[in-house]
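S.K.: In case it helps, TrEMBL gives these features for our protein:
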- 15, 16, 17, 18, 19, 20: NADP(+) binding site (BINDING)
- 15-149: domain 'Aspartate/homoserine dehydrogenase NAD-binding' (DOMAIN)
- 98, 122: NADPH binding site (BINDING)
- 157-360: domain 'Homoserine dehydrogenase catalytic' (DOMAIN)
- 214: L-homoserine binding site (BINDING)
- 229: active site, proton donor (ACT_SITE)
């Protein structure tokens, strides 16, 4: 009798930017540390270039970054990629390290062909509720898996914790927290629990210089990133939230600056509006509190909201440091003291760790 062939799982990767590169180095370590199942990279692409061969030959992981950079192959259109991966004869996992809506829209197609999906891409799970339903029903029908832990808190065990609470029959009553590393850093500096913070515009400028904000800080200050994360958690908690714009989201962009041409022009003109934020901070201080930018989901009243709230100095949300995230789960079992997950909620290595951890979960189920 012929010896059984070693179990093999093919890996396809879309996106090789910050998170993508960190994931590649974690994948390389994983492949050498865990010989079974054998992990074989058969496809990788950026928005411009790709590496693959029609007969699914393994792409060496130790040199992939440089080989990809010098490749002359173009990425396959998504429907063709589905066919390419679906005809390999091996179980396959697609790792989407992008924030592309187009790739997200194709998940049901990949899943219906039995290709599992692992991703930090928020858009797939916080876009239209129909896409959410299509993704999970395609997975259920084909048996392919879909995991997206790092779409909410990078490497923090946020989604897995919520799923465990729900699946074991606990009743989640409220979820509240600071879901943005950018907003965390800004308010911990602007309204610290001890000492005086700087001017709002100066803190925004500093956060940008340190790389804590998007190239245009308005992409953080509009609250949409937090709204996307809350949409995902609300849906997992059983609320059929239609989209991240279906509930109140407070934007910290002054109306007058919403349409200025660039992020630099925005920062230049922001100091003229410092007074509004100073008043908000002073009002909180009068009550012996600090102001923080939080998201909350009240499951009983089905209310989801994002914006500024005041907290006592002793509250865990007030006491955050640096750019940490904190997510509190109030449930029937945990009573008045919530289950709290806290730590770095952004950064290439920790986000990639969330992706790698999800990949391990998929492998334990399919290989």
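Quick reminder: no glycine exception, Cβ is built from N, Cα and C everywhere.
Curation does not apply to TrEMBL; its annotations are automatic.
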S.K.: Which recorded positions from the set 15, 16, 20, 214, 229 come within 10 angstroms of residue 98 (NADPH binding site), judged by C-alpha positions?
M.R.: 15, 16, 20
S.K.: For the recorded NADP(+) site formed by 15, 16, 17, 18, 19, 20, name the remaining residues of the chain with Cβ within 8 Å of the site's Cβ center, in chain order.
M.R.: 21, 22, 23, 97, 98, 348
S.K.: Please average pLDDT over the domain 'Aspartate/homoserine dehydrogenase NAD-binding' (15-149) for the predicted structure.
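M.R.: Here the predicted model's pLDDT, averaged over the domain 'Aspartate/homoserine dehydrogenase NAD-binding' (15-149), is 96.
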S.K.: Spatially, which candidate from the recorded positions 15, 18, 122, 229 is nearest to the residue listed as 'L-homoserine binding site', comparing Cα atoms?
M.R.: 18
S.K.: Near residue 18 (NADP(+) binding site), which residues of its own chain have a C-beta under 8 A away, given they sit six or more steps off in sequence?
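M.R.: Long-range Cβ contacts: 348.
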S.K.: With a 10 Å radius around each C-beta, find which of these binding-site residues (16, 214) has the fewest other C-beta atoms nearby.
M.R.: 214
S.K.: Using Cβ atoms only, which residues of the same chain lie under 8 Å from residue 17 (NADP(+) binding site) while being at least 6 residues apart in sequence?
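M.R.: Result: 46, 97, 98.
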S.K.: Give me the long-range Cβ neighbours of residue 15 (NADP(+) binding site): same chain, 6+ apart, Cβ under 8 Å, in sequence order.
M.R.: 45, 46, 96, 97, 98, 100
S.K.: Looking at the recorded positions 19, 20, 229, which has the shortest Cα distance to residue 122 (NADPH binding site)?
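M.R.: The smallest Cα gap between residue 122 (NADPH binding site) and any of the recorded positions is with 229.
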S.K.: Other Cβ atoms within 10 Å is the metric here; tell me which of the recorded positions 122, 229 scores highest.
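M.R.: Counting Cβ neighbours within 10 Å, the top one is 229.
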S.K.: Using only C-alpha positions, which one of 16, 19, 20 is spatially nearest the residue listed as 'active site, proton donor'? These are the binding-site residues in the record.
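M.R.: Of all the candidates listed, 19 is nearest in space.
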S.K.: Name the residues of the same chain, 6+ apart in sequence, whose Cβ is under 8 Å from the Cβ of residue 19 (NADP(+) binding site)?
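M.R.: In sequence order, 97, 120, 150, 348, 351, 352, 355 meet the Cβ cut-off.
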